[in-house]
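Student: Structure provided below as structure tokens; questions to follow.
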Amino acid sequence: METNTVQKLTDILGATKVYHNLPVANLVEMAVKRGEGILTDKGALNALTGKFTGRSPKDKFVVDEASVHDKINWGPVNQPISTEKFQALQQDVLQYLQSKDELFVFDGFAGADTTYRLPIRVVNEFAWHNLFARQLFIRPSEEELAAHESEFTVIYAPNFKANPAVHGTNSETFIVLSFEQKTVLIGGTEYAGEMKKSIFSVMNMLLPERNVLPMHCSANVGKDGDVALFFGLSGTGKTTLSADPDRFLIGDDEHGWSDNGVFNIEGGCYAKCVKLSEEGEPQIWKAIQFGTVLENVDVNEATRVADYDSTKYTENTRAAYPVEAIPGAVIPGVGGQPNVIVFLTADSFGVLPPISKLNKEQAMYHFLSGYTSKMAGTERGVTAPQTEFSTCFGSPFLPLHPVVYAEMLGKKIDERKVQVYLVNTGWTGGPVGVGQRMKLSYTRAMVTAALNGELEKVDYVADEIFGVQVPTSCPNVPAEVLQPRNTWANKEDYDKQAADLAARFIENFEKKFPNAADIANAGPKVK
């Protein structure tokens, strides 16, 4: 049955000049002609997103509809908005789009496993946003396109400004999900990441109903078919660490875990570019080519050379490109059951070990805690690192209660006998301002040892406060780096800082999950 949105949209798309499923070259050409961006010397399209250079979580809403009212975990992440307000907003957005000379439509999929994929349609006011959608979502074959029937529609009108008094929003910016109308409305922001993350939120609602765990993680596979998952918030190293020349990338950010195995929800990568270098991240560097979308990168107008060290517009500079741009990427993005899971955190206190082994209960505890430091630039208003506990390493995108996802994870770890590691890509030798960021070469060496089974052969000691198992040695990593206390000049300062962080873990868990005492027992202990 067609929703009202689809009926109204069909009328509009018939009345306006609409470009359906344009190839990359056409979209790049039109974006440049329309003044939406400029080409770099490598042929990538660089677009500036204005004042919104990150997501706007305070402007995200879910329509409070009867069919989902009792399922949604309502609160600051999933703010309710009435059906009446949604309908008023939708009507005004569609009327606004009707006044446009040109619109752009992409038809594709979310979910590489055909059993679980969601056919989607993305309607854009901007050509470059449509190019972004084409690069980030799964592109259909000609046969699939001919038979394509959208089950969820994203309508993105960045220049439309909401009126909070009329539309029930917090500001002129809005990201509104309606599960009954199968529609996402986005406006008042030009930050393209809102498209990708709104569809991820949709999948986080729909997949668990089919016994599939949706995950904010990257995934890759070794030459022997061994699959690894990397969980972590923005800036913790998911994209970087999963782009491993000795392994094959399944995907860099969003996956589902079913009884069939792991599958990429997307068809592209959305890599952070700040301080990007050919030496540090050769795969990402080479992926920035014709068809790639750069967001908010400082590009020299005269030479068209991108300056990735510059944070002129934001620290949250990005590159969006199809997963095929990574050599050896797995196409379609499906793999077997995972062997190893890595939780990534960027600990700004310099307290957590660079790598430690977790049992199932500890894995569920750290999954529910989702600790990291909020990295500057990925959200508006964050310019210095802050402690953040983001449930399941992805709380902004979870419509259901977090324990639903944690219990699914625990069950799958048990069933598949998966080994879980916690890796700190953050600070060592002290907190931010005193210590330094963990060397990427060390982190890579530790992750490699975890994936190839070398960490199964070494001795471990339990961390006195956090209870996790810390290896006493690791190939290609100095032993003193493995014990964070050893890297601090003043051991008493470390002890105080560690106790402080542990107390924050405990306080966060008790506040959010008062009924999960069995999992809480796997957390840190303060003497």
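Backbone N, Cα and C atoms are what each Cβ position is placed from, and that goes for glycine too.
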Student: Given that Swiss-Prot lists His216, Gly232, Leu233, Ser234, Gly235, Thr236, Gly237, Lys238, Thr239, Thr240, Glu281, Arg318, Thr443 as binding ATP, which residue among Lys197, Lys417, Lys457 does it place in the same site?
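Tutor: Only hit among Lys197, Lys417, Lys457 in Swiss-Prot's ATP site, alongside His216, Gly232, Leu233, Ser234, Gly235, Thr236, Gly237, Lys238, Thr239, Thr240, Glu281, Arg318, Thr443: Lys197.
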Student: Return the count of C-beta atoms lying within 10 angstroms of the C-beta of Asp253 (Mn(2+) binding site), excluding that atom itself.
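Tutor: I count 26 other Cβ atoms within 10 Å of it.
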Student: Could you state the whole-number distance in Å separating the C-alpha atoms of Asp253 (Mn(2+) binding site) and Lys238 (ATP binding site)?
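Tutor: Asp253 (Mn(2+) binding site) and Lys238 (ATP binding site) have their Cα atoms 7 Å apart.
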Student: Looking only at C-alpha atoms, tell me how far Lys197 (substrate binding site) is from His216 (Mn(2+) binding site), rounded to the nearest Å.
Tutor: 10
Student: Between Tyr191 (substrate binding site) and Gly232 (ATP binding site), what is the CA-CA distance rounded to a whole number of Å?
Tutor: 21
Student: Would you kindly give the Cα-Cα distance separating His216 (Mn(2+) binding site) and Lys238 (ATP binding site), rounded to the nearest Å?
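Tutor: So the alpha carbons of Lys238 (ATP binding site) and His216 (Mn(2+) binding site) sit roughly 10 Å from each other.
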Student: Given the binding-site residues Arg55, Thr236, Arg318, find the one whose Cα is closest in space to the Cα of His216 (Mn(2+) binding site).
Tutor: Thr236
Student: If you count Cβ atoms within 10 Å of the Cβ of Lys197 (substrate binding site), leaving out that atom itself, what do you get?
Tutor: 22
Student: What whole-number value in Å do you get for the largest C-alpha pair distance within Arg55, Tyr191, Lys197, Arg318, the residues recorded as binding substrate?
Tutor: 14
